[in-house]
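*Asks:* What follows is a structure written as structure tokens; I'll ask about it next.
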Amino acid sequence: MTLRRLRKLQQKEEATAAPDPAGRAPDSEAARAAPLPSGPPAAAAPPGAPGEELYAALEDYHPAELYRALAVSGGTLPRRKGSGFRWKNFTQSPEQQRKVLTLEKGDNQTFGFEIQTYGLHHREEQRVEMVTFVCRVHESSPAQLAGLTPGDTIASVNGLNVEGIRHREIVDIIKASGNVLRLETLYGTSIRKAELEARLQYLKQTLYEKWGEYRSLMVQEQRLVHGLVVKDPSIYDTLESVRSCLYGAGLLPGSLPFGPLLAAPGSARGGARRAKGDTDDAVYHTCFFGGAEPQALPPPPPPARALGPSSAETPASVLFPAPRSTLSRSASVRCAGPGGGGGAPGALWTEAREQALCGAGLRKTKYRSFRRRLLKFIPGLNRSLEEEESQL
């Protein structure tokens, strides 16, 4: 269907571009004067078969228009050697081209490069591929002069394919080659991607551990400072959101951590107190955020009434209490507990003590075992540093 459509389009274009018959007469006479090709009549191509004229007509069209017509019709073009229409071969991309390098060194000289064996995990095929690549090239070394670059994957050494060979064996082959080394390398970005992926997983695991330690410290702080045992973990997310809102709105002049802000009531930074309402069992945390330098308030004026004779023996600290040392802003967060605030204080204290004694050890054991399981999926990290990276 596609070839028929293209033939019709070609005939229409020829009909519109053809001149008048008077102007076409000399061409026809010249065609009659030209000798006919010798040969049997059966050698002529049938009118319906695609030939050189058809391919010439197809090459006149723009490739984008031709591909669009093929996509709409669902047809394909007949293949022919030497045809101008070929699909791009992405397997021969520049980053997958191999190159052969010859390194020459002196008797008391090294080649000047370091190799490392890494494991690439293919999720689709559920397998791990061990790849040996160049991780470092020294300055003004035979390796740099030969054109070896960091990131080159070593495919063969002295004509020997090193696929599936262990790291130590590859090092022995290179050391036994003498002063002349012939390497076949393959450059690609898969090694760099694998390194970044492994580092990303490690940072995610570290962040998970630090976040767990941070929440554990917040639990201990609430228990030690306020005497509270909060079972709902969403309270810490609420406190974090309030703190971020205060920082974003500019209410807090300094970016202080949340731990010093929830200090003891007598500290210079600020204090915290717990208040319990009469009609509601919710818990209110009020945090006072003070400035960096405490500013003393002016003393209150003395009372106007006359003092009796017994007031002479009263200490001055009772009559004139000390002013507050800092000007502070307060932010209250209402966190309703699931079970109310009417529990026995002895049971709460016992539960908090058990959490403080057992929670940290269990949490550390869990994180350590999770990290050990994570390292099992990275074969390059399970081996020793001597086997993983070698200087040549």
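Cβ from N, Cα, C; glycine included.
Pulled the feature table from Swiss-Prot, pasting it below:
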- 1-50: region 'Disordered' (REGION)
- 37-49: compositional bias 'Pro residues' (COMPBIAS)
- T76: phosphothreonine (MOD_RES)
- S93: phosphoserine (MOD_RES)
- 100-189: domain 'PDZ' (DOMAIN)
- 180-257: region 'Interaction with PSCD3' (REGION)
- Y236: phosphotyrosine (MOD_RES)
- R269: omega-N-methylarginine (MOD_RES)
- 294-315: region 'Disordered' (REGION)
- S384: phosphoserine (MOD_RES)
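Could you tell me the structural context for the features on the list?
*Replies:* Note on the region 'Interaction with PSCD3' (180-257): mean pLDDT across this stretch is 73.
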*Asks:* May I have the DSSP-based helix, strand and coil counts for the residues of the domain 'PDZ' (100-189)?
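*Replies:* Per-class counts: 14 helix, 42 strand, 34 coil.
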